[in-house]
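To start, the structure under review is shown below, and the notes come after it.
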Amino acid sequence: MFGEDDGMLTVDGVRIDEIVQKTGTPVYVTSYGKLMENLRAYKSAFPNQRLLYAVKANYNLAILKIIQKEGFGADVFSMGELYLALLAGFKPESILFNGNSKSDEEILAGIRAGVKFSVDSLDELYTISDMAIKEGKEVEIAFRVNPDVSPETHPKIATGLKKSKFGIPWEQTVEAYRIAYELPNVIPKGIHCHIGSQILSASPFIEAINRLFDVSAEIQKIGIELEFMDIGGGLGIDYEGTGSLSKEDFSKEILSVFEKRRDEINPELELWLEPGRSIVGDTTVLITRVNSVKRAYKNFVAVDAGFNTLIRPAMYNAYHRVSVANKLNRKNEEVYTIAGPICESGDILAEDRKLPVVEKGDLIAVYDAGAYGFVMSSQYNGRPRCAEVLAKDGEFYIIREREDIADIVGKQKIPELLF
Ligand SMILES: *Cc1c(COP(=O)(O)O)cnc(C)c1O
């Protein structure tokens, strides 16, 4: 939970000046209290549904461990995410392996681990069947369906449009299940979609649910009894501080539609969800230090985190609230643009924000940075990635050490002949 102590931002009772003294800046700081609140809100909104956390949103192991201990399953998108989920203690049967381009190596790893697959193409289906036969295993699958619905969100994160690279066009889905039904060692158990991210109304989800039920009714006629319908993740969060759809209201709206159609078509069908952003997004602040303030065409505040650390503003035009974290008790007086240290003009974290007078050495907090934050960071411009910290009950724990220059050098080699 975020608070204030004499003008200084606190996270779960820890002053952030104490944290940065230890970790340097930039640093991501996660509130254990806020994360627990989100997990519990999901569990109370969806008491009889299965919740799989979308690991890609934030796969710090400590955070995965907290989520696993609260009883969530995991949605993974690569071998690395699969490995992290297993390491954090998620049971293989509670893991769904997603992805539109799984390598043979990844498929084999998933089969050996004993996870379920969301299958994105017939090519993938045949590969899974072949490998499962060789491994002597049965693999439970769902198909990722492209339901062709268009949520109002940024085009880069709308994933269920007709022309999207994800999923099997819904018109071809029944045929895919027919093929899967006859193939050895794959068992169709579910139907899956994921329509996009940062969606702030329930209606596109309802459209997708209806589409999946239309298809499921046809699938049932082939003789397949589906056990679950997974409608993916995508519930948005309140980046702008203007209010958003609560987990509870989201649940009420979609459950009424789901339950009605389920009772008509397949009363045993379970509903699964794969939230990512709405679990971790608002749990974390990025703290970055002011290197200089410049009065130019605009008032620029140059900080030590840019799109190498948080890419969302540059990539999605995303809005993040900011504050001067060591001056929370001062009045907002001047308009500033917060710029990162990267040598590209698009490296702007926040534009035209009214803040207290900013000076070199101040700390800027960028809120709601817990989803698609650290995980999308890079070493661009030769900058080591930053640390991650968990704050809980007045204490803080470094959950990822900051990188150093050795990590920049990394696995590079200069061939002998160049010396
Ligand atoms: C990214 C993703 C999610 C999570 O999306 P959020 O918007 O973070 O909730 C869930 N399922 C799949 C298949 C995804 O690709």
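Glycine residues also receive a Cβ, built from the backbone N, Cα and C atoms like all the rest.
What TrEMBL lists as active site, proton donor is Cys343. Among the features that TrEMBL reports, pyridoxal 5'-phosphate binding site is placed at Gly234, Glu274, Pro275, Gly276, Arg277, Tyr372. The annotation substrate binding site is assigned in TrEMBL to Arg277, Arg312, Tyr316, Glu344, Tyr372. Annotated domain 'Orn/DAP/Arg decarboxylase 2 N-terminal' per TrEMBL: 34-280, in sequence order. Positions annotated as N6-(pyridoxal phosphate)lysine by TrEMBL: Lys56.
Positions of the features from TrEMBL, shown on the structure.
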residue : record                              : Cβ neighbours (10 Å)
Lys56   : N6-(pyridoxal phosphate)lysine      : 20
Gly234  : pyridoxal 5'-phosphate binding site : 29
Glu274  : pyridoxal 5'-phosphate binding site : 25
Pro275  : pyridoxal 5'-phosphate binding site : 26
Gly276  : pyridoxal 5'-phosphate binding site : 24
Arg277  : pyridoxal 5'-phosphate binding site : 24
Tyr316  : substrate binding site              : 16
Cys343  : active site, proton donor           : 9
Glu344  : substrate binding site              : 12
Tyr372  : pyridoxal 5'-phosphate binding site : 24
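The domain 'Orn/DAP/Arg decarboxylase 2 N-terminal' (34-280) scores a mean pLDDT of 96 in the predicted structure. Listed in chain order, the residues near the pyridoxal 5'-phosphate site other than Gly234, Glu274, Pro275, Gly276, Arg277, Tyr372 are Ala54, Ala57, Ser197, Gly233, Leu235, Ser278, Ile279, Ala371, each with its Cβ within 8 Å of the site Cβ centroid. Of the candidate recorded positions, Arg312, Tyr316, Cys343, Glu344, the one lying closest to Tyr372 (pyridoxal 5'-phosphate binding site) when CA atoms are compared is Arg312. Contact annotation for recorded positions (Arg312, Tyr316, Cys343, Glu344, Tyr372) versus ligand 1: none, no CB falling under 6 Å from a ligand atom. The two recorded residues Cys343 (active site, proton donor) and Arg312 (substrate binding site) have their Cα atoms spaced 17 Å from each other. Of all the recorded positions listed here (Lys56, Pro275, Gly276), Lys56 has the Cα closest to the Cα of Glu344 (substrate binding site). Mapped onto three states, the DSSP output places Glu344 (substrate binding site) in coil.
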